[in-house]
Amino acid sequence: MSVNTASTGDAPKLDVATSLTRALLAVALLLSLVWVYARLQNPFPYFGTPYEGRPVAATFTATDQDGRAFDFASTRGQVVALFFGFTHCPNICPLTLSYLERARQQLPADVRDDVRVVFVTLDPERDKPALIKQYVDYFGKDVTGLYIPAGDLKAVANDYQVRYAKAPVEGTSNYFINHTTATYVIDRTGRLRVKYDYTQMPQVDKVVNDLREVLKR
């Protein structure tokens with residue numbers, strides 16, 4: 001009696017191939033889980049101070065430098081570098097805006113427009129939209145300058161823990177604004193991700209690295 005053994009030699013090969021595929025898939029899954037765990041345990045080492053829990057950034061309405069109504073919620077989908085200051089500021093404000101725009105320009109061209117620098121004046125008495133426009137245009141045509149009436153400004157500033165107060169110049173009618181000098185980075189989904197002290201801003205390359213990471217997710 002003859003026995004057909006034509007298929008018996010192929011079965012082990014099929015089993016080996018199936019087992020190998022399953023093993024590779026298992027390894028790939030394991031590596032993915034290890035990567036996720038590693039990121040959770042060792043998050044990206046931001047140069048700025050990261051926000052725990054990624055709180056939602058407060059939204060508000062304002063008037064932009066062209067006199068148009070501006071809703072901060074419209075920035076969703078972009079990464080925003082938000083700074084509060086005033087146009088008569090002698091040093092910190094112009095330097096901060098210069099560093100932020102320099103950082104934006106150092107990003108790859110395909111994501112550069114996904115980052116928006118936003119300046120909010122803390123001196124609505126003097127800084128009307130026309131003056132804000134002259135000021136922000138100096139730093140770049142893509143910088144957004146915002147005016148909020150004094151009656152609404154305090155609430156917006158409080159939402160970002162920004163403190164500000166007039167500081168009269170002795171013997172004159174002039175004044176400065178003493179204010180919080182932080183920069184706030186908000187991601188595409190409208191969540192606060194990183195905060196910088198103004199003393200960190202000169203290290204533009206490190207700010208760029210942070211922005212690259214925020215742009216990813």
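Using N, Cα and C of the backbone, Cβ positions are placed for all residues, glycine too.
In TrEMBL, annotation is done automatically, which means it is predicted and not curated.
Features as listed in TrEMBL:
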TRANSMEM  20-38  transmembrane segment
DOMAIN    51-216  domain 'Thioredoxin'
DISULFID  C89-C93  disulfide bond
BINDING   C89, C93, H179  Cu cation binding site
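For the disulfide-bonded residues shown (C89, C93), fewest C-beta neighbours within 10 angstroms: C89. C89 (disulfide bond) falls within neither a helix nor a strand when secondary structure is assigned with DSSP, and so counts as coil. For H179 (Cu cation binding site), the same-chain residues that are 6 or more apart in sequence and have a Cβ closer than 8 Å to its Cβ are F84, G85, F86, L122, V162, R163, Y164, A165. Per-residue pLDDT, averaged over the domain 'Thioredoxin' (51-216), rounds to 97. Cβ atoms within 8 Å of the centroid of the Cβ atoms of C89, C93, H179 (the Cu cation site) belong to the same-chain residues F84, G85, F86, I92, L122, I177, T181, site residues excluded. In the three-state DSSP scheme, H179 (Cu cation binding site) falls into the strand class.
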